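Report on one structure; see the data block that follows.
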Amino acid sequence: DAEPPSPAEECAAVKMESCGDDWLYIDENRKVKYFETPKTFQEAQDHCESEDGNLVAMHTEFQKYVVACLSWIYNHKLHRMWIGAGRSEGETQNIDGSDFDYAKWKGGQPDNFGGNEDCIEANFIDWGYLNDVECSEKLPFMCA
């Protein structure tokens, strides 16, 4: 089996255009900004709202790579990060109102372990597979 590409190799191929003040375009209509300071899901969403946005929602494989690569560019490591999705009344939905149409769950997920995992993280240690976690965890995040 061939070794998977390194984050540096993967991210070198992802072209991102700056739109100023640490914001980068994730596609032609949306820009994103990474925040390293870990916050709970609600604290992170509140911060994004103060930036006139929401936690980032991912809709395509390319957007997942852009989000992962921003993490890599800022930290030179991949880690877990809040995304703008959560569970309400048993349904997973994006908090910006867009369709939850990109669901690359890690194996065995979502599992709602302990009955209290209502928020969604992208685990970029596993190249962006989604996992449901408790909303009280503190993670870095990205606003869009």
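Every residue gets a Cβ built from N, Cα and C, even glycine.
Looking up CYS135 in Swiss-Prot gives a disulphide bond whose other cysteine, out of CYS69, CYS119, is CYS119. According to Swiss-Prot, the cysteine that forms a disulfide bond with CYS48, out of CYS11, CYS143, is CYS143.
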